[in-house]
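Have a look at the structure below before the remarks.
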Amino acid sequence: MVDLRVMGNYKPIKNYDEDDNEQRRLDPCGMRQPTGRDDLEMALPISESRSATAYTNEERPVKKIDDHSPPSSRNQSQRLISLDVFRGLTVALMILVDDVGGIIPAINHSPWNGLTLADVVMPFFLFIVGVSLALTYKKLSSRVVSTRKAILRALKLLAIGLFVQGGFLHGLNDLTYGVDITRIRWMGILQRIAVAYLVAALCEIWLKGGGTVKSGSSLLRKYQYQWGVTLFLISLYLCLIYGLYVPDWEYQIPTEPSLPPKILSVKCGVRGDTGPACNAVGMIDRKILGIQHLYRRPVYARMQECSINSPDYGPLPSDAPSWCQAPFDPEGLLSSVMAIVTCLIGLQYGHIIVHFKDHRERILHWMIPTSCLVVFGFALDLFGMHINKVQYSFSYTCVTAGAAGILFTGIYLMVDVCGYSRVTTVLKWMGMHALAIYILAACNVLPIVIQGFYWGHPRNNILRLIGIGT
């Protein structure tokens, strides 16, 4: 029986099942997979559709033979499970570092320069968004309609991000709800993902060239305009962070209710500084977003200069510099420029899935850029362009995108090539419900909702009874 979705000029393939079984006997991990197979991909929850089909080199549907197995089992065998597993693993890492990072500072976010387990979570999310977009938009019926849907999805993510991270939900230790618009936090994790998603989606919709992809060079030519956008964003970021002059600035910190706020001044007057006090990333956010709309618990407050419990939060040392208590948004405007680059890199990895069907070719075309990114990123760090998550430095972009490529390739090899998918069932489920899990668990929405049920007094609730939020 022919798959009705791809009916067309169909010719029977003789001895299909026998050849396939013989190949699997000789090659249990499927590294010699013929190029005529389709993969059924699961895109991110925020993408255009729940599934997409990866075409062959000529980007034409290849007919499939009914092997007399149930439709559900055929779809399961054709699904690229590694996308869901990668996404689920990223969600699991995020929950781990959120809950355990305060206990084990080694896996918590680096106070400034450096790389920890927590620092790879955001770029991993952005990377897999890009991979999924390549599969979602590989065949377009209407660019205008696809653009409208992409904008709508980005706006939905922005709205959800403002709700869960803008300040409306105050936290486990604050039983009030609502947000002062004059102090709302405009940026956040979901807002950054929404911006990166939208830019990458528009690039995939409007900036694809023609021609058949048969090699790595033809792949580069087909998507040369997307690479042009990537190089432009990198150049823009580097020019701004190293070229902008950062003047002196000041901020206020609250004191006693009956006293006026305390004003602290930060001396800068420099250009190209990448330290916590005088970098262009913070200056642009203060000028455009407003310092009252930035994140009020910056990671650099855990540096030795700012905490006697470093690398954990703690009281200020007696000689702490004036910038230690200043707000700083880790998902700010300029740093989000490089976050878009990570998403665009993931997009190119997705193109390899679309245009190359052989496992060996896919892995080869993934590992070459992956190795180059990791080596180049550490080389930049060695020569002074430090790996910095908060500023989303160029070296950080390269290393984390390369690390995402290594992990994705490993998961693909284990799950989709060798077929060890049962051990990743939980991660796959988490990946298919990543957005819901993030909102309910990582953003503490579920605990805060549960906290609303109490007896006698708001502090007599179930969470307090079991020791959460005390």
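Positions of Cβ are set from backbone N, Cα and C atoms, glycine also.
According to TrEMBL, the protein carries these features:
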COMPBIAS  57-69  compositional bias 'Basic and acidic residues'
DOMAIN    79-203  domain 'Heparan-alpha-glucosaminide N-acetyltransferase catalytic'
REGION    12-41  region 'Disordered'
REGION    53-76  region 'Disordered'
TRANSMEM  85-108  transmembrane segment
TRANSMEM  120-138  transmembrane segment
TRANSMEM  150-169  transmembrane segment
TRANSMEM  189-207  transmembrane segment
TRANSMEM  227-245  transmembrane segment
TRANSMEM  333-354  transmembrane segment
TRANSMEM  366-387  transmembrane segment
TRANSMEM  393-415  transmembrane segment
TRANSMEM  435-455  transmembrane segment
As a test: from 85-108, 150-169, 189-207, 227-245, 333-354, pick the stretch that has the greatest number of Cβ pairs under 8 Å with the transmembrane segment (120-138).
333-354
Taking the transmembrane segment (189-207) as reference, which of 150-169, 227-245, 333-354, 366-387, 393-415 has the most Cβ pairs under 8 angstroms?
150-169
Please figure out which one of 85-108, 227-245, 333-354, 366-387 racks up the most CB pairs under 8 Å against the transmembrane segment (393-415).
366-387
Determine the mean pLDDT over the domain 'Heparan-alpha-glucosaminide N-acetyltransferase catalytic' (79-203), rounding to the nearest whole number.
86
Contacting positions for the transmembrane segment (85-108) when only residues 6+ beyond its ends and CB under 8 Å are counted:
44, 116-118, 120-121, 124-125, 128, 302, 311-312, 407-408, 411, 415, 421, 424, 426-432, 434, 437-438, 441-442
In the same chain, which residue numbers or ranges, 6 or more beyond the ends of the transmembrane segment (227-245), come under 8 angstroms Cβ to Cβ?
199, 203, 207, 220, 269-272, 274, 279-281, 283-284, 334, 337-338, 340-341, 344-345, 348, 391, 394
When DSSP states are grouped into helix, strand and coil, how many residues of the domain 'Heparan-alpha-glucosaminide N-acetyltransferase catalytic' (79-203) land in each?
83 helix, 5 strand, 37 coil
